[in-house]
Amino acid sequence: MTPHTAPAPVELSAKTRAFIVLIALLQGLLLYLVRVGAGTGFGFELQIAWYALTLSIPTAMLLTVQRLDDARYWTNIALVAAICLPLSIWAGWSATGAPDLKEAAVLAPFACSLAIAVFVALPYLQCRLAHGRWCAPYHELFEHGWQNALTLILTAAFVGICWAVLGLCAALFALIGIQFFADLFTTRGFAHLATGIMIGLGVMIGRTQQRPVQIARQILFAIFKGLLPLVALIALIFVASLPFTGLDALWKTRSATLILMCLIATVVLFVNAVYQDGEAPPPYPRWLRAVVNAALLTLPLYAALGLYALSLRIGQYGWTGERFWAALAASALSLYALGYAVAALRRKDGWLGGLRRVNVAVSLVVLALAVAANSWLLDPHRLGTGSQLAQLRSGKIAPERFDLSYLRFDAGRRGYQALQSLAADPRFATSAPAAHANLQRAMKATSSWEYRAELETPAKGRTREQALRALQRADGVAAIDPAWIAAALADQLTLPNCEDEDAHCVLATPDLDGDGQPEYLLCRINDWGTNCNAYARLPRGWRSIGQTYLSQRGSEVEAEVRANRVEVIPRRWGDIRIGAGNERMRLEPGPGRHCQDGDRDEDCAR
């Protein structure tokens, strides 16, 4: 941004400054009231609407107010409220309607997309205040966008510093036994109201101290300008490496789309910071601009790879709400990628002259998508629920093995209604006991973890008797004590998940207590580590006496366990008991160093 293109900042009057602090204080009060009302029968749908309106409308008011007597300002705020209110009511409706739903699965994307939409819309609202029309010069949109971003960052830093000072105050007085300030600062009411005042002061500082904000922006842009060639070079090297590495590794990872889209977002951010409003002379020498242009030409390839990787997962597992939002974000970034590549090819309006039209067009598309995705127009959970039911109807997975946790917990009201409809599906009728049991588990579960834990139980391909017959004995173990087998079959002993079809369990017989009689050590050896359970024959029969986990890879310990080479290392200092009948206490190592193999020094502990 060059000084001659920047719109002249409007000096805020004393009334406007007081209004900013008052609105922020009122915002904190309203958030406190909804927190208090949460425990007094205040409907959850209304809470969501209240939160959305309280966070979005005052924020728009704080960042855009110029004069309190400007009718356009109040119509802007009314427009924001008119859009946010139905969207928040719809989100509240979608996130409720069934017990134990994961509200965050619905509300987190709603909150993020609403925040992005409000942030994108603010420069247009600010330009309407200045010119009385929505069509505004690009350099003013650019100026307002970065000013708003830096004001929010400054406000967050100001709030953090203020709370650090209050924390120091509380700790200081606590040193002399005065807990009043610590108790006051931790009360919910004080925290909400104080934070509101801090936010108001932070916004006022960011909007009135133009010079420091401009300096901070120049420093930030200088950093972006220095790093853009590096980012461009990384993008080019990655694309040049693909013919030699192939794409198979890319499709195998679950994070391919995320990483590729992050690269696009990084390039878009850095290019915007360097290009600014496009009215300054082109930066960099010609050859370096050519490197940046070449990187921009690769962005459509990144977008295509990311979208294809996402489509593979959707084709394999169907749509979910999470994949819908990922597809939405990837589509928006792909529009940026395509537009920036076209701008790099066009030379008509100077270096990247088409960037301004691309940024405006994509920002309007983002606004439209955010509104549609948070309404009945593009309901992600309706789409995800329908896709999961289609997966079920396709027969790719048997009904008794189909994971119903998404419908039960992650798809909001839509998913729960779809789950209830399965009760009338013949595939889940009582005549199909396994599938019917799967549906009943989903309906009764209170968390996805609980449901999946029960769902995995039938997946174990062996009974305990089959698992015991499949045990591999270490060298020197002639036969397994029938009494131990009987105790294991009676479920008196804990086995390290040896019932799993792919479990690899080995039984060794170390003498753990030095009495000349072997104990049993049963280890399940995995690629990522080894789980072992120990057993001893006590007067009342075989009992579990402990368990451990070895973090070494299974291949590193398997040979030792198979050879029955299990070293028993007694503790140098025994346990103690003070008073007859009291519990034994283990002496923990002191500040001395721990013994390593071969250590016999007096300053090491065992």
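Any Cβ shown, glycine's included, is placed from N, Cα and C.
Within the set 190-207, 478-495, the record from TrEMBL flags 190-207 under the feature transmembrane segment. Beyond the transmembrane segment (105-125), the same-chain residues lying 6 or more positions past its ends with a Cβ under 8 Å from any Cβ of the stretch are 48, 52, 55-56, 59-60, 63-64, 76, 80, 84, 87-88, 91, 94-95, 134, 136, 140-141, 144-145, 148-149, 321-322, 325, 363, 366-367, 370-371, 373-374, 380-381, 409-412. Residues 12, 42, 47, 50-51, 54-55, 58-59, 61-62, 65, 68, 188-189, 192-201, 203-204, 207 of the same chain lie 6+ residues outside the transmembrane segment (18-36) yet bring a C-beta within less than 8 angstroms of a C-beta in it.
Listed as Cβ neighbours of the transmembrane segment (219-244) (distance under 8 Å, sequence separation of 6 or more from its ends, same chain) are residues 150, 263, 266-267, 269-271, 273-274, 276, 283-284, 288, 291-292, 294-296, 298-299, 301-302. For the transmembrane segment (190-207), same-chain residues at least 6 beyond its ends with a Cβ under 8 Å from one of its own Cβ atoms are 12, 17, 20-29, 31-32, 35, 62-63, 147, 150-152, 154-159, 162-163, 166, 184, 213. Below 8 angstroms of C-beta separation, residues 109, 113, 257-258, 261, 264-265, 267-268, 271, 292-293, 296-297, 299-300, 302-304, 306-307, 310, 314, 352-355, 357-358, 361-362, 365-366, 369, 373, 380, 383-384 of the same chain, each at least six residues beyond the ends of the transmembrane segment (324-346), sit close to that stretch.
Scored on C-beta pairs under 8 angstroms, the neighbour of the transmembrane segment (358-378) with the top count among 73-93, 256-275, 287-312 is 73-93. Sequence-distant contacts of the transmembrane segment (256-275) (same chain, at least 6 residues past either end, Cβ-Cβ under 8 Å): 220-221, 224-225, 227-228, 231-232, 234-235, 238, 250, 283, 292, 295-296, 299, 302-303, 305-307, 309-310, 326, 329-330, 333-334, 336-337, 340, 351-352, 355, 359.
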